[in-house]
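Scroll down for the structure; my scribbles are underneath it.
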Amino acid sequence: MARRMSMYSMASEAMGGPQAPQQMSTTTLLNAIHNIYLSSQPYQIDAGTSLVVNTWLTAAQAGATVDATLAARAWEHARRRAEDGCVVLGSLHQATPSLLVPFLNTFPFAIPASIYKSLEAVQPFLRCVTPYNASAPRQIALGVTLTLSLGGSVTGASLALSQGGIDTENGLLNVPAEAGYRAFDVFYYLLTSASTPAEREFLGLKAPSAYALLARSGTYEPPSYLITADDGAAADDFRQALKEIGIKGSVHRNFISTLAGLLKLGNTLDYDADSDDFEEICEDVSGLLGMEPEVLMQQLSTEDRRTLVAGLYEALVDWVISKANAAIAAQMLRIRDGDESVDGRGVRTPNENEDGDTVSITVVEVPEPALGRALAMRTIFDDTLGINAEMIEDGVEIHPASSSVVREMQQAVADVAPDLGIMTGPQGRDRQHDIEKREVILEKAAYASEEDSFLKKLLFPVEGQGINLGRTGRFDLPGLLSSSRAWFHLALHPTDDSPANLATLPAITSAWSAGTISRQLRSWRLPEWANRRNRSLDYTADFDVDEFVGRYGALGCKDGKDGIETWMLERGWSNGEVFIGKERIWVREGPWWEAESMLDIKPAHSLQSIGQNPFTSGFDTSYSANPPNGSGFFPAPAMDNSMNGSNDQLMHTRNFSQGNMSQATFNQHPHLNPQSAPSIAPSAMRNAQPATGDYGLGNKGDTYKGQVFYNDDGDFTGKLDGDLAKDKKIETKPLTFGRRAWVAFVWALTFWIPSPLLKFVGRMRRPDVRMAWREKLVLFFIILLLNGLIIFWIIGFGKLLCPNANKAWNVKEVAGHAEDEDAFWVAIFGKVYDITDFWRQQHSDTSIKTTKTNMLPLAGMVMDNYFMPPLNRACRGLGIKETVQLTFNETITNPLAQHVSGFYTRDRTSALHNADWFWTTFQPKIKEYYHGDLVWKEGTVKSQGSGSEQHPWVMYGNQIYDLTDYLHTLDVNDNFDTYKFLNEDMVNLWKNSPGTNIKKDLDLLISNAKNETVAANLKNSWQCIQNIAYKGIVDFRDSPRCRVNNWLLLAFAIIICIVTAVKFLAALQFGSKRRPSPQDKFVICQVPVYTEGEDSLRKALDSLTALQYDNKRKLICVICDGVVVGEGNDRPTPKIVLDILGVDPKVDPPALPFKSVGNSAEQLNYGKVYSGLYEFEGNVVPYIVVVKVGKESEQTKSKPGNRGKRDSQILLMSFLNRVHHRAPMSPLELEMFHQVNNIIGVDPELYEYLLMIDADTCVEEDALNRLVAACAHDAKIAGICGETALENDEKTWWTMIQVYEYFISHHLAKAFESLFGSVTCLPGCFTMYRLRSVDKGKPLIISDGVIKDYSVCDVDTLHKKNLLSLGEDRYLTTLMTKYFPEMSYKFIPDAQCKTAAPESWSVLLSQRRRWINSTIHNLVELMQLKELCGFCCFSMRFVVFIDLTGTIILPSTTVYIGYLIYVLATGTGPIPYISLAMIGAVYGHQALIFILKRQWQHIGWMIIYILAFPIYSFILPLYSFWNQDNFSWGNTRIVIGEKGDKQVVAVDDEGFDPRSIPLQRWDDYAMANNLPGRRGGYQEKTDYSYGDNYELDEIKSVYSAGPQGSVLTGMPGRNTYMPPSPAFNNGRTSTMGFQESPMQHRQSMMSMGTGVHDMRSQSPYQDYPGQHPGVANLRGQANLSPAAGGGHSRSGTALGFSSGSRSPMPDAMRSQSSFDFQHGQGGPTDMAIVESIRSVLCEVDLDTVTKKQVRALVEQRLQTELVGERRTFMDRQIDHELENM
């Protein structure tokens, strides 16, 4: 049982405030009330009743007065006694403000944030403005039920109205017709401008005066005395609250429609309503409510409609409450799963098993004084009911109340009998009649509504139960009181004056009327109440005899009543304090709490006898302020009022705090928490051995024996054997619809591959591995299919659409081969021939020789006239003589090439003399060289026919014929009949329709021949024309079918070219390199370390130390991912790191637990924390090192503590998240906080940026300042990266091919994405994130959502593996873009770093596999985001799509480039000018970039890159795609099947118990260990600013010898406190102060790995280098008594000195041991700076000089560069001097 001292226990006797005397009178009580009113305190008239006095003014300005002690008392009783409690918030005056929320805030546990949001959503339905109360509740009673575990933490919560419902009569139907009254607030919120214009138009809303329900009083605005009250602002908050409880979208539309319908229906409640208006209103309302208008107009009377309005309104409120309860339940589920903290801020580690027994506390607000009076008086004065009757029956002597009191009680109960469930009297019968009538009317409305309408769901919330209004979701108020222990919190009002008058009073407590208070006291009979309770009834606990003995037996109580009585006498309790009844033991509050306190301080091992008592279960460690017995991992407090609080005991318990915390941590002592979750890592590994100089890490891996090796990626080379479900715990997890659909799709494609084949042949024994292989196969197939489709689309699809496109050539294309001896093309009678292989042959049989001179002029010509056959052979059947030949219209330019055959052949010996030479010799030979058709554009044909020369060209279908030479011959020969051999009618078609398609006319002419002779003539003429006039075909390539593919390709080509051009322009940043001014933001430099070597680590740490940035404002945070020996190393990596940093090897900090990213039991991990100062080249920088060492059970494994880089990032992110939210922390995080806050001396909350680098990265000196300056200039930047170059660029061929890729990927891709503020991959090797937004301090990289998604433990699918195991850095960027799309993610090339590239093929292959696969899976995630900036095709969504497809189709790109090379080399197709231009543009732009940037070396790198293009674009992608499932699959959680919507998982370990990692808030931990640096409240700050009263010199670093303050020097004279931040108990004052003690320093100070001694002795900056004080010396100095004046400030150091001393050490000692971390070796004084500024301003021209120039001149004059506060002072002083000139 985890025992601890409750906050309540500290002041249990004091009751937390003034108490009632034994005998009370009205005057006495009146005086007491006046006193508590002036002091804003509660007054307890008995142990269970408190009185408070509040007005709206005190509540608004000073905070409502509430009794936190009563809340704590109710909580303690509930959890310790396992009994339900009920706190009644009664109001004795109609003007008292509501105390529901303030009272909830006083509970000593965190209230779920969703409860407050739910109340925000519900209260506008219940509150009204009245002349006496600006927010008067109109409900009968509203209850907030908090379900608690027996440990006292919240496990559930809900809201409910009592069965009495809401006073709709005064709040809606019949608002008093007096000024100052309003209806329910929700209606005014509906009508404000918060409603969108679309909503207002849809609802038809008007001004409030247009609605009868709102117009009765004529008051439409909030009271004027509330200067901040505004319905518009409140409506915005209300709408947001509705959204947060799930009322949004269509549900919200239905909700506001119903609300508007009720408002409009109110206009029909007047009996004299106009009939036309009445019908119009009913039509409108029926549309809004979704019911038939006839029901409203005809079936319901006016009185019925009044009942309908009231009933629907209550049903709507019940529905809103049900939605609120669902939202609360959802948050509680997330809290139980550890996804969220109770207050909704920060991630949470569950620390309690919340599945056990529970109790509940119900806080009931009863705003009506009459009902509250009746409830209270019946509880106190009625001896026939409840606990009073039980006590009387058990023998407790109770003095009866006076008859007058009894009569008043009976009359009070009778007045409100129906609300108390008493239905026997006249009022009850009337109420019952009204309820029955309401049910009939509501049932009629429900059945008249549309099926599945919102109205029907409102009225029938439970299917099959009919109208249940007033019962479903409501609570029985009398029943609740009778079944719970009742506590009363009663609120009085000091005056009857109107609230407006209170605002004019001189003080908030000036309002007082003794008569008013007296009337309230007498009305409720409070004096008699106090006297009766204190005399007879004030027993707050009761037990049966066995239960009492069982609980307190460990304290010496013996069995039986006699044993109890004896024990009572030993304790000094009288019979009045503890009464032994017939059956039960009755105990008053004082004795009961005294006994409980003794149980708390009793050692746990002596309480085993009550170990099974349900009332003694473990408590939630996240609450405790002072765990007295070292509960869990937390040590005992130094302040202990128990018998164990001696000095010896004090020293003993303090030694648990840090250096010796392991004793408490690992249950070394038998009295520590036997019921808490057992530690999985016993202490043996930590503390069994003395310090041996190994940093407490052991000697594992120190000797290089070759047992454990890791490759360059840190992958263990050993083998793992997986077991399946045998002897394992089987779990089922629900699957998302997307996952189920994907699994079904995978199986549909791979069903033909039997699983046994994969299992036995493929050696995939596990189902999850086989499933991943199937997924990989499907993805690989899809990618190959996509690549194939791309290639087919570019190369083959066009040919499929346009089959002969590559065999068609126009005259221009043919002419393009003129004078081309290697591509000799000619066109003859509409055909194109490639006679390249023929023209050189000696093919002439005459004296004419075939020479180049003769032949080349003919290349590219159309040679129809050179090969005209004899007409008598070409036009048979037309009676043409052999002497007839055509006269050509065009002159033959090369007569030697004319082939005239037949009669006119010049050489009779030639083969041309044969009249059939054209058909027998020429055509068979020329066909061998056929290359395609000669094509003409249709426009060319038409222009030839319609031009000035009007050539007779016509189309016959797609064929083209030209009769120009025939008609020209007739013209030359005067139409001599010998030459008129063609049919006249046919020739007329050419003459009359030139340029047109005559197919239809010609076919008609032939078919309509008069006789056979004419038909024969026509056919012969047509045959003749086909032989001598054929010109080619219409260019079909211009058809849509052939053009569409080219246009699509061209469109994409244009888009890609535009994107390329924009990328090029984005990369052009001319001008000199900017030199931003020095920045002063606090930055954490995170370095995750795994298996890197000493050289790489030293370079990385040295580069961070040497950064040109204020050393005090940067913190190096090294996180070692396990105790791992890297390849080539002779010791584990953590030891290498600690050696480099100079940590004393004898330092052995404890291993502390924290939650890791891992499967099941791997979530429990342990880590050690070291801190100190690291010096390099004169720079001294603080560092903190966290070494993950793992559990005890891991020490025999190869990599204890290793959980991956993602876990290292999450460790720091989660820590900063909890720092931001001030949430409970794990022990490791508490130690980190202590080291940073108290040892280093900087509040972790001051850090604003997180710089992430890899351990093999060297950062340029100005890089960090440039990154911070960019973020300071643009507050929207959430993440930013710089340029990463290679430091080993010339090491091997494999590094050389990467140089150009690194350069161009930054200056093109990232520069382009940065234009949109959406860099899709911020590399983990060099990226900086902003921790919080500037305006509101909203967490960014440390937000709950990012951490939750990034810390997913169950990485059991292929997609998750590629996201979270390969591409952590890219996925982190994806998550940031997902959760903060409105923020920017930038790249700046001026910030540079260098990293080492893979030097071997195997490592490069492994790296690119991770990069490519993670890129694909991350970009798929990015494509699902809804909000990415940009517009049209320049949206980042489009660019992401281009990047995604570009990565996937890399192989097809390589294939296509190969195809282009083939086409160009062989000339087998048209030259692809566009493709060549695109390739030229891409590489041309890239070349221009580095030429313009004068990066000449990249010319050579570019050539090497192009040579390696097939490797990057073909080999690496295909290898990566196929190896998507190449992971190490752990054996802890094995997915053995996915069936339906479930995933079956076999778990093979002890599991993870969240209780093994207890949580505690820093303030509680600091108080328990007397540590400085307590922070105050826990609520999230509303603005990320610290106010004027906050100085950074509140915490003093142990490394500093400067004046009191932090490392920032600050103002020594100031001594302000931490920024006030309201906590959940904001209204309460502390019961004790805190003062630093001389004993505050503990031995653990120097054992925490701080490295103080080592670093100080090495520092070149100490004044006396020869003197090296040892640790003992420092400790001795630490124990010096503080100087006089030690006060209550938090500002002391971790060494334990009082803040009253300006220095922790005497002046003589300062320089001996401390480097002045604030000032270095000094600097210019304020006066020197002022004098320099004045001198400079006197010398410069004030009209032209800039402030930056003045600053530079001042620094030049001072011969130093001012940073931090000194720079701020200089800037402020420059402004001051300029103002005074």
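Note that Cβ sites are derived from N, Cα and C of the backbone, with glycine treated the same way.
Under the heading N-linked glycosylation site, Swiss-Prot lists ASN133 (among others). The C-beta environment of ASN133 (N-linked glycosylation site), restricted to residues of the same chain at least 6 apart in sequence and closer than 8 Å, consists of TRP56, GLN94, ALA95, THR96, PRO97, PRO499.
Taken from Swiss-Prot, the feature N-linked glycosylation site applies to ASN534 (among others). Around the Cβ of ASN534 (N-linked glycosylation site), a 10 Å sphere holds 19 further Cβ atoms from the protein chains shown.
The N-linked glycosylation site annotation in Swiss-Prot covers ASN629 (among others).
Summarising the annotation, Swiss-Prot assigns N-linked glycosylation site to ASN644 (among others).
Annotated N-linked glycosylation site per Swiss-Prot: ASN655 (among others), in sequence order.
Look at Swiss-Prot and you will find ASN660 (among others) tagged as N-linked glycosylation site, backed by sequence analysis.
What Swiss-Prot lists as transmembrane segment is 741-761 (among others).
If you look at the transmembrane segment (777-797), the same-chain residues 6 or more away from its ends with a CB under 8 A from one of its CBs are 745-746, 749-750, 753, 1045, 1049, 1358, 1448-1449, 1451-1452, 1455-1456, 1459, 1521-1522, 1524. Look at Swiss-Prot and you will find 777-797 (among others) tagged as transmembrane segment, backed by sequence analysis.
For ASN889 (among others), the entry in Swiss-Prot reads N-linked glycosylation site. Applying an 8 A CB threshold to same-chain residues 6+ apart, the list for ASN889 (N-linked glycosylation site) reads THR964, ASP965, HIS968.
Per Swiss-Prot, N-linked glycosylation site is recorded for ASN1011 (among others). On its own chain, ASN1011 (N-linked glycosylation site) has no residue at least 6 apart in sequence with a Cβ closer than 8 Å to its own Cβ. According to its DSSP assignment, ASN1011 (N-linked glycosylation site) is coil.
For 1048-1068 (among others), the entry in Swiss-Prot reads transmembrane segment.
The N-linked glycosylation site feature in Swiss-Prot is assigned to ASN1413 (among others); the stated evidence is sequence analysis. According to DSSP, ASN1413 (N-linked glycosylation site) sits within a helical segment.
According to Swiss-Prot, the transmembrane segment annotation covers 1444-1464 (among others), on the basis of sequence analysis. Away from its own ends, the transmembrane segment (1444-1464) comes close to residues 783, 786-788, 790-791, 794-795, 1412, 1415-1416, 1419-1420, 1423, 1471-1472, 1475-1476, 1479, 1509-1510, 1512-1514, 1517-1518 of its chain (Cβ-Cβ under 8 Å, at least six residues beyond either end).
Annotated transmembrane segment per Swiss-Prot: 1471-1491 (among others), in sequence order.
Residues of the same chain lying 6 or more positions beyond the ends of the transmembrane segment (1499-1519) and with a Cβ under 8 Å from any Cβ of it are 1289, 1296-1297, 1299-1301, 1303, 1404-1405, 1408-1409, 1412, 1447, 1450-1451, 1453-1455, 1457, 1483, 1486-1487, 1490-1491. What Swiss-Prot lists as transmembrane segment is 1499-1519 (among others), and the listing cites sequence analysis.
Swiss-Prot lists ASN1526 (among others) with the feature N-linked glycosylation site. All protein chains considered, the CB of ASN1526 (N-linked glycosylation site) has 16 other CB atoms within 10 Å.
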Output, ordered by sequence, the same-chain residues six or more apart from ASN1413 (N-linked glycosylation site) with a CB under 8 Å from its CB, or 'none'.
ASN1362, LEU1366, GLY1367, SER1520, PHE1521, ASN1523, GLN1524
C-alpha spacing of ASN534 (N-linked glycosylation site) relative to ASN1526 (N-linked glycosylation site), in angstrom:
76
